[in-house]
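The domain 'Peptidase M28' annotation in TrEMBL covers 119-312. The domain 'Endoplasmic reticulum metallopeptidase 1/1-A TM' annotation in TrEMBL covers 381-601. The domain 'Endoplasmic reticulum metallopeptidase 1-like C-terminal' annotation in TrEMBL covers 615-841. Annotated signal peptide per TrEMBL: 1-21, in sequence order. For 338-366, 387-410, 422-444, 456-477, 483-502, 514-537, 557-579, 586-608, the entry in TrEMBL reads transmembrane segment.
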Amino acid sequence: LPEARGAPLVLLYLLGLRALAQVSHRQLLSHPPAAAGPRDFSAVRARGYLDNITAIGPRTVGSPANEVLAVNYLLEQIRGIERESTDAHKISVDIQRPTGSFSIDFLGGFTSYYANITNVVVKLEPRDGAEHAVLSNCHFDSVPNTPGASDDAVSCAVMLEILNTLSKSSESLQHAVIFLFNGAEENILQASHGFITQHEWAKLIRAFINLEAAGVGGKELVFQTGPENPWLVQAYVVAAKHPFASVVAQEIFQSGIIPADTDFRIYRDFGNVPGIDLAFIENGYIYHTKYDTSDRILTDSIQRAGDNILAVLKYLATSEKLAKSFEYRHGNVVFFDILGLFVLAYPARVGIIMNYITAAIAFFYLSKKVLHPKPRAVHNLKKLFTAFGLTLTSWVCTLVAVLIVAAFVSIMGRALSWYTHFYVSVSLYGTAAAAKLILVHVLAKKLFYKNMNEQYLGDVFFDASLMIWSIALALMTKMGLCSAFICMLWVAFPLLTKLMIHKEFSQKGATIKFIVMYMLGMFVPYLYMLYLSWTVFEMFTPVMGRSGSEIPPDVVLAGFIVIFTMILSSYFINFIYLVKSTKTTLITLTTVFVVTLILVCSGIFFPYSSDATNPRPKRVFLQHTIRRFHDLDGNVVKSDSGIWINGFDYNGISHITPHVPEINDTIRTPCEEQAPFCGLPWILPVHFMFRLRRHFCHALGAMNSNTRMTWHSVGKLGSSASACWCMWHMSVPAGPSHMSLYVRPRAGAALSRWSLGDGVPVTSLGGDYFVFYSRGLHAAPWHFWVELTAPEKHSDGIVSLAVAAHYFFGEDQKSPQLSALLERLPNWTFSSGWSCTYDLFIF
């Protein structure tokens, strides 16, 4: 088979499939929404809600913007909808302001405490009432300094319009629909916890739909369902007009690889309620930045989401299964959409049977091939296992080689060169992976298979790839992974293809006809894998810009590219043995790789962009910090102040220092070994994600701080020959809406109980204890107690306890020095700055 025929056809085939997958991902309604009738979802009206919510500005928990302006706007719209509703429905509205606490294993584990936060809850039910309900959840708060259009104002706008649409329908619902507009999700899921554990309507809920965002606009992805309750997935499959769902995304998200979580966890873990989690995933580069504005969300995206969610809510609110959901609880489900056209879903137990039968047929086929003819069985087996070993070796060599390149790029200070130009990653790591893979097999062909029949080698390496996928299918099925359906596709379709064109495998001169028939047979798995890879890279690539300074993003992305290269090449490896030469292909791939590597190392590809239409900002967090360290008698023994700077990606602040040269004169903040979390005012326990810690070392003026802590010791609760049990009651009578509490028992002491969470203290990574506190308006002082066991002799204290106060809004948010520094940062950064105080005490 001449290389001049084979290589271009394979390349065109893959490029064509990639284009088809890309088109399906960009698929939106191709025309503006028509004028909506009274029963139709209107994206135009929803956009009006969205624009008005984001016009309020950043909606940080505890700020008047979030607790007053946003709440008043929602209530005004809800009251207007209530006035125009039909007699078939009854609408009830409640403002909930819960106080509570819980522990969560997110971000290494910590405890959360909230006071007087706000939920706006609406119940739409039949005129005669309802015993069961489905919940729809969004959140109207935003992270500080961002308008939060996609996360999550657009979801609240969609819910308002769904409420409006359902309330005007003359058709009565069988069950209630509860709309929760929660006001404290960005504070790590606090408002949903307050609702599901304390609100009287929570006991009616049998299922929920959570509307979230990990990007800005595009198609909303179903990335979590359950737990179990396959009937919920079936409801989405039947009702959704524009489905986009993947069990692969579910298993990736629940593995913890992505540093994020949603209210889905709260309803699942604290409410024992099953549900569906949806999120916009496109353009995650501007998620949680100032660029997350309403004008970047297409009206067609809103229409898609509204059509889908309205249809699913309506289906659930009229379903008999909702009332008897406990009867349909058991069993997981395999689900995935086909190019956004429809969803395939089937019970996981059915998938297990299908997977094992497919693997068994493949092993039977391979066994028959090895044993035919019987006198050559040992020889055939040896050749098969040699090809099997060479294929695995080529994958390992490729992975190691490409990861070395990625590590080299990182060491050279050129990490994230592809962040603005994704094609750079393909040109660099994709070509390196393909070239290395081909090179290993070319060498094997020349050294081990010299003068052997090319058709025979192509046949053997096809069987070796089939064997690898069959083993992977059996193992993933054994592990209980629903994503094993991918392996099933890579076994079933290639095996069918082989059986259909087995004669062409053994005939000489089967060139173009063979290639065309072969590629047609592989069409389904290759198209689906390219479609899936687009989804994975759409989600993961932006995450690399906000995953901290400890994880080398080039190594992670290069690993993903190698994995997809190995998968996509698995059934094209045999072509290396069928073609007469791969010299031109190798030279082309190597040339592209070398040129790209030189350009990357030269710095021509700048990672970040301030392009107004397609920004790729670098995230930087700055805290004007004043720290005070107290001794056992409460006296201040050390104090300092400065601006603490953290770059949120692997490059740290290296790209910023040329614009602010004074940063080079600062010192790295030393770790205070006796203080929890190194004596630094972390807003969340993300210390394990960051490598560089800096302060400006020159003195700064004092900030206004109304944070105070008082305490008294209850004294010994009991004692033994070597230890005692002691309790302290603590009170923070005043402070801002966001505070962090850090606790470290000193040598020999242990924190045994406290009044937070479920009473059992939860450690964070590193062994210290972290408590995240937030409040709404007019919250009562924060009171809590801690109990420790300690040695009878403890002259240097039992416990170190620190409290940090964070000023995210208002006149205390930014000092003059902080404001001046923020103004000097380049326009390709998204900088979030605030002031904070830190006080450490020893008891």
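In case you wondered, yes, glycine gets a Cβ from its N, Cα and C as well.
Sequence-distant neighbours of the transmembrane segment (586-608) (same chain, 6+ residues past either end, Cβ-Cβ under 8 Å): 405, 409, 412, 414-421, 424, 427-428, 431-432, 434-435, 438-439, 442, 616-618, 651, 655, 828-829. Packing against the transmembrane segment (483-502) from elsewhere in the chain are residues 247-248, 251, 334, 336, 351, 354-355, 358-359, 361-362, 365, 462, 465-466, 469-470, 472-473, 476-477, 514, 517-518, 521-522, 524-525, 528-529, 532, 567, 570-571: each is 6 or more residues past its ends and has a CB under 8 Å from a CB in it. Long-range contacts of the transmembrane segment (387-410) within the same chain, counting only residues at least 6 positions beyond its ends with a Cβ under 8 Å from a Cβ of the stretch, are 417, 428-429, 432-433, 436-437, 440-441, 444, 448, 460-461, 463-465, 467-468, 552, 554-555, 557-559, 561-562, 565-566, 570, 573, 597, 600-601, 650. Sequence-distant contacts of the transmembrane segment (338-366) (same chain, at least 6 residues past either end, Cβ-Cβ under 8 Å): 20-21, 24-25, 27, 219, 230, 233-234, 236-237, 240, 242-245, 331-332, 384, 463, 466-467, 469-470, 473-474, 476-477, 480, 482, 484-485, 487-488, 491-492, 495, 499, 527-528, 531.
Counting same-chain residues at least six beyond the ends of the transmembrane segment (422-444), those with a Cβ under 8 angstroms from any Cβ of the stretch are 390, 393-395, 397-398, 401-402, 405-406, 409, 537, 541, 557-558, 561-562, 565-566, 569, 573, 576-577, 582, 585-586, 589-590, 592-593, 596-597, 600, 605.
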